[in-house]
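Here the structure is laid out as structure tokens; the discussion comes afterwards.
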Amino acid sequence: KEASSLPVQSIVCQFRNAQDGTLLGPAVSLPADTGREGLELLVNNLRGTADDPVPFSFHLQLPSTALPDPTSDSASPPKPEEGLRLAISRSIHQDLLTNPRHANKLSTEDVFVIECEPEAVFRVREVSRCSSSLDGRYLATGSGDNTCRLWNLDSETPASTLSGHTGWLLCVEWDGLERFVATGSMDNTVRLWDPKTGKAVGEPMRGHSKWITSLSWEPIHLNASSPRLASSSKDATVRIWNAKARKLDFSLGGHTASVNVVRWGGEGVIYTASSDRTVKLWDGKTGKLIRTLSEHAHWVNTLALNTDFILRTGPFDQFAKFPASDEEAQRLALKRYKTFTSRSPEQLISGSDDHTLFLWPPVNSDPPAATPKKPVARLTGHQKQVNHVAFSPDGRFIASAGFDNAVKLWDGRTGKFIASLRGHVAAVYRVSWSADSRMLVSASKDSTLKLWDLKTYKIRVDLPGHSDEVYCVDFVADKIASGGRDKKVKIWRH
């Protein structure tokens, strides 16, 4: 038959493993309106994984005239000619047959190669946390199957599984020089892992009597050679650990309810937020309480510093190579930190179940107790709880995510309201900024992520690929990583 622009009722397809090129059974004839769910069902049947299905992404290779005879018993992988590679996001009919660019190239006698790539090779439970390495090569995810998984973002495949916890993972953090990945769990322990080997570093660090809610590493410019780690817990305490010795340095015990967040600031101050409605400031060297901030009228859920990005990236800028020594790393990190704070001193923002945020004045490093108690601004506008807040990397903007389905933008220095970003139809759980502060992405209960245009305050790109609530999101160079209740880890290319 000659090629025709008329709708094709069915096409013959050959499924191929995108990772190693092997065929997944014989060629089959498929209805033209077969959607992604139907393709996933078929491929899982071909692979013998129908009882424990794996999610796949599908790409169609055009043309595919070099395929072997579909009636042949040969198991050699097909070698299609170089051609266009099309993602199947809805169905073969919608993405290919009704596309005027490709419909006139089709023939019912063609056999098309569909490349199948697992989106998550492992069967996992809900993905609750994700955090990328500083070089953007690896993503660490924590989930409800009690494991942390490292994913290679170059190949977009799993690298290793970090097993040892006996409860859900609630927090995952890379240290500033990528020597450790720290995890906190509902089993009340903190564990350290070697990301190169995927092995546990020593025994779990025990002491908390309830689950771990948050982790924060001591900044590199304060301590490069012997990093310390702060863990907060539902047990109302914060523990400061010596990571190399895996021993407790001291405990912070002034809160009267769950400590929901801990942040280790660049001035050596440890910030904690609690369900007792307070934010507390502590001396990171001695553990002494510096100040209690008591403006909120309900649980404090989230904290952010305008220096978060600088502290997270430490000695690394977009051009830097890995430091030759701890001393060089500390020197470079201190230089970057001082350059940033010379323009904008370190500031804190807190968000609460009382629907408000407070922007707090810069901390005086010497002495910290001289820091003013009163906030710079009270940020109002959310109609429900504030779940997450984040400064842009340049410190100019603040983005807050609320249970009122909205993302709000504020001035990072004054706290003045700028805009509401509306488009989600359910609670917004997380926000994440691109490294250049030009893009913002949000993750929601409505199963979508949204990339926002900060010039128009409108949706720039809608990312609807998840099938359930999206719990976590992180910008990784030119990619976005997300995970959620549908048990999938997704990588989005910008």
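The count begins at 1 with the first shown residue.
Placement of Cβ uses the backbone N, Cα and C atoms for every residue, glycine included.
Because TrEMBL annotations are produced automatically, they should be read as predictions rather than curated entries.
According to TrEMBL:
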DOMAIN    11-60  domain 'NLE'
REGION    59-82  region 'Disordered'
REPEAT    135-161  repeat 'WD'
REPEAT    162-203  repeat 'WD'
REPEAT    205-251  repeat 'WD'
REPEAT    252-292  repeat 'WD'
REPEAT    379-420  repeat 'WD'
REPEAT    421-456  repeat 'WD'
REPEAT    463-494  repeat 'WD'
Distant-in-sequence neighbours of the repeat 'WD' (463-494), which means Cβ under 8 A and at least six residues beyond its ends: 55, 119-120, 123-132, 136, 139, 141, 143, 149, 151, 153, 156, 426, 429-435, 439, 441-451
Cβ contacts under 8 Å made by the repeat 'WD' (421-456) with residues that lie 6+ beyond its boundaries: 309, 318, 384, 387-394, 396-397, 399-409, 462-464, 466-475, 477, 480, 482, 484, 486, 492, 494
Per-residue pLDDT averaged over the repeat 'WD' (252-292), given as an integer: 97
Cβ-Cβ under 8 Å with the repeat 'WD' (162-203): same-chain residues at least 6 beyond its ends: 125, 128-135, 138, 140-144, 146-150, 209-217, 219-220, 224, 227, 229, 231, 233, 235, 239, 241, 243, 246, 311-312, 314-315, 323, 326, 329, 333
Within the repeat 'WD' (463-494), residues counted as helix, strand or coil by DSSP: 0 helix, 19 strand, 13 coil
